[in-house]
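Engineer: Structure incoming, see below.
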Amino acid sequence: MSSTSCVKLIVYALDVLCTLLALVLISFGIYVVASYDMESIGQLTAYTYVGLGAAALVVLFWGYLSAWRENVCCTVTFIVLLCLVIIAQFGAVYVLIVHEKSVASNLANPLEATWEEELNSPGAMSLYENWFQCCGRGSPQDYVVNERLPPDTCFRNHDKSKPENLIHGGCRVEFENYWLNLSHIFNILALVLIGLELLLSVISCRLCNGIRNDARRSYF
């Protein structure tokens, strides 16, 4: 197997890894959009993750094609496009990381509507309270000030017989922390994608040189 063939296999492997990561980012963005009624910041964040992945997929498709055809012009074009995408991706991820807390707070805003629904239709908050082991919007006191007793979901194992089973943490903080942790994970995945793309650009340069050298040797 020639050195060019070995380099091509590495390019293919990196293409596959980058494609998988891009699909993960796109899936996360779609999940956010489809699952919650977001405000502008939340929607922009979700579409940013989709954009990060979609831009990578488009360029990676060109990378597959250029490696398969072993064409110098296609490979050079791929490297240039990939570098431009990397710069744009890094800028987007930098903004997401800097504003992680504000983004998480915005993504948690749908809980406010659920709390308002809880006041009119008891039981609306049960999903969050069971999910995060929390009680009320900010604390069990939210129920008390609205002349209601905390529901069963505000007690550990739904056991109201012991006062110490009452959960004192509010759902708003827990939901924000959930989004903060989730966005942190996907920001790291985005950085990993950018790192792999950088490595792919370097290996593609090596492939381009190998293709050019093979073409020169074929003349002799």
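A Cβ is built for glycine as well, from the same backbone N, Cα and C atoms used for every other residue.
Caution: TrEMBL annotation is automatic and unverified by curators.
Note that the structure is predicted; figures quoted are calculated from it, not measured.
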Engineer: Do you know which of Cys154, Cys171 TrEMBL records in a disulfide with Cys135?
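Structural biologist: Disulfide pairing in TrEMBL: Cys135 with Cys154.
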Engineer: Of Cys134, Cys208, which cysteine does TrEMBL list as the disulfide partner of Cys171?
Structural biologist: Cys134
Engineer: Near the Cβ of Cys154 (disulfide bond), how many other Cβ atoms are there if near means within 10 Å?
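Structural biologist: There are 25 such Cβ atoms around Cys154 (disulfide bond).
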Engineer: I'd like to know which of the disulfide-bonded residues Cys134, Cys135, Cys171 has the most other Cβ atoms within 10 Å of its Cβ.
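Structural biologist: Result for the most crowded candidate: Cys171.
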Engineer: Could you state the CA-to-CA distance between Cys135 (disulfide bond) and Cys171 (disulfide bond) to the nearest Å?
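Structural biologist: Here the two Cα atoms lie 6 Å apart.
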Engineer: Mind checking which residues of the chain, 6+ beyond the ends of the transmembrane segment (46-65), have their Cβ under 8 Å from one of its Cβ atoms?
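Structural biologist: Here the qualifying positions are 11-12, 15, 18-19, 21-26, 28-30, 32-33, 38, 74, 77-78, 81-82, 85, 88-89, 92-93, 95-96, 186, 190, 193, 197, 200, 204.
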